[in-house]
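Peer 1: The N4-methylasparagine annotation in TrEMBL covers Asn72. Annotated (2R,3E)-phycocyanobilin binding site per TrEMBL: Asn72, Arg77, Cys82, in sequence order.
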Amino acid sequence: MAQDAITAVINSADVQGKYLDATALSKLKAYFSSGELRVRAATTISANAAAIVKEAVAKSLLYSDITRPGGNMYTTRRYAACIRDLDYYLRYATYAMLAGDPSILDERVLNGLKETYNSLGVPVGPTVQAIQAIKEVTAALVGADAGKEMGTYLDYISSGLS
Ligand SMILES: CCC1=C(C)/C(=C/C2=NC(=C\c3[nH]c(/C=C4\NC(=O)[C@H](C)[C@H]4CC)c(C)c3CCC(=O)O)/C(CCC(=O)O)=C2C)NC1=O
């Protein structure tokens, strides 16, 4: 089950049958105090999602061999599938950023993804490059603090694919 920063600390205290300790409480405090930042970043990202992906693709994949005959992004169908995948990564990273927890990424994005990519010949290296470009474009848009937070979850997807 996907969880969030709150259920994560509660579950781990409950396993021990204890109240939240100082570490758990300070984790929660950090999560609550960054709440407005998270919501503001999510609002900006959702209003600019298509532009973020487009700019990230321009920075990373466009005009490379991958978009030419023989490349995995060649043909409109595959190009569109790639853009759609990047859109998923941005959207689910935004959910995880709001939740303050990466488990939703394991559950809904990374589960079986590597196998799917391998069987379709979708190259992981360029996919990770595009995700890293999304990270840069997003940080430029939402600012350093929220950008760093988003970066955590975009990196989580990158490592899950590699
Ligand atoms: C929400 C969770 C979720 C994810 C993550 C997801 C990914 C996903 N990407 C796919 C395909 C694909 N993914 C790509 C992506 C790329 N090719 C490249 O060269 C680029 C580097 C890269 C974009 C960055 C392409 C081109 C295909 C189509 C491959 C094919 O059918 O030949 C497929 C196979 C089925 C399909 O074509 O729709 C899945 C399941 N689906 C999901 O439901």
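Here the Cβ of each residue, glycine as well, is placed from N, Cα and C on the backbone.
I'm curious about the neighbourhood of these features; can you describe it?
Peer 2: Following the DSSP three-state reduction, the secondary structure of Asn72 (N4-methylasparagine) is coil.
Annotation note: Cys82 ((2R,3E)-phycocyanobilin binding site) sits in a helical segment as assigned by DSSP. Cβ contacts within 10 Å of Cys82 ((2R,3E)-phycocyanobilin binding site), excluding its own Cβ and spanning all protein chains shown: 21.
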Peer 1: Taking the Cβ of Arg77 ((2R,3E)-phycocyanobilin binding site) as the centre, count every other Cβ atom within 10 Å, in any protein chain shown.
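Peer 2: 8, counting other Cβ atoms within 10 Å of Arg77 ((2R,3E)-phycocyanobilin binding site).
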Peer 1: Would you count the other CB atoms within 10 A of the CB of Asn72 (N4-methylasparagine), including those on all shown protein chains?
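Peer 2: Taking every protein chain into account, the count is 20.
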Peer 1: Taking the centroid of the Cβ atoms of Asn72, Arg77, Cys82 ((2R,3E)-phycocyanobilin site), which other same-chain residues have Cβ within 8 Å of it?
Peer 2: Met73, Tyr74, Thr75, Arg78, Tyr79, Ala80, Ala81, Val122
